[in-house]
Amino acid sequence: MAIANKNIIFVAGLGGIGFDTSREIVKSGPKNLVILDRIENPAAIAELKALNPKVTVTFYPYDVTVSVAETTKLLKTIFDKLKTVDLLINGAGILDDYQIERTIAVNFTGTVNTTTAIMSFWDKRKGGPGGVIANICSVTGFNAIYQVPVYSASKAAALSFTNSLARLAPITGVTAYSINPGITKTTLVHKFNSWLDVEPRVAELLLEHPTQTTLQCAQNFVKAIEANQNGAIWKLDLGTLEAIEWTKHWDSHI
């Protein structure tokens, strides 16, 4: 899918990987980039607007843990304004296994609920035009970082959900693929808590291994968007982009 002149909604488009991806998307010239995030960042929005003045960048506050009804209400505001939306990126995520319920709510349930809400506008069974969903999951959905089992399980669930969405495309008209970053130097990785403190040094241990920058990840993310392959399981690791078969695995080596 060419990004040029498209209308894109990006949930959590101001985070580490998210913000660099927003930059790369804006460079590609969409008509509209609508960013939904929990915390407003006027400086970041201003930077995106200055990067390509031809692109309309809009921000709405959004917490993915709200109800489907609340999300649907927000999306109606956006659809009423834009008329059409081509791509939804679900990017919200936290890495803190102290917060069990919130981890599941943000990383999995939030993705499911946001997707469920947009189906009201896209589902071809309701007369909708269809659409494309890119869900940011994780390589931990392939093989867990076992010291953060809650995070890993939430990402595995999001990946499974995305794979199902892709299989449902002939019914709904909505295609989907997953974006699965490897270890990336973001604030998410620099400091986080393992489950029950089973490994206090887990973040430090991970960063002892080769990583990638958020820019490398973002550039490959845009390539995946352009490829627009329904059902693709994209691995974005060590600055590379690979469409993997489910029989392949990834290991944290710690």
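From the backbone N, Cα and C atoms, a Cβ is placed for every residue, glycine too.
In Swiss-Prot this protein carries:
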ACT_SITE  Y151  active site, proton acceptor
BINDING   10-33  NAD(+) binding site
BINDING   S138  substrate binding site
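Under the DSSP three-state reduction, K31 (NAD(+) binding site) is assigned to coil, being neither helix nor strand. Fewest other C-beta atoms within 10 angstroms, among the binding-site residues S22, S28, S138, are seen around S28. Here the residue listed as 'active site, proton acceptor' is compared against the binding-site residues G13, G16, F19, I25, S28, and the shortest C-alpha distance is to G16. There are 16 other CB atoms within 10 A of the CB of K31 (NAD(+) binding site), with all protein chains counted. Counting every protein chain shown, the number of other Cβ atoms lying within 10 Å of the Cβ of F10 (NAD(+) binding site) is 25. Neighbour counts of Cβ atoms within 10 Å were taken for the binding-site residues G13, G16; the minimum is at G16.
The Cβ of I25 (NAD(+) binding site) has I3, I8, F10, L33, V222, I225 as same-chain neighbours under 8 Å, each 6 or more residues away in sequence. Taking the recorded positions F19, Y151 in turn and counting surrounding C-beta atoms within 10 angstroms, the largest count is reached at Y151. A gap of 25 Å separates the Cα atoms of S28 (NAD(+) binding site) and S138 (substrate binding site).
According to its DSSP assignment, S22 (NAD(+) binding site) is helical. On a Cα basis, S138 (substrate binding site) lies 16 Å away from G13 (NAD(+) binding site).
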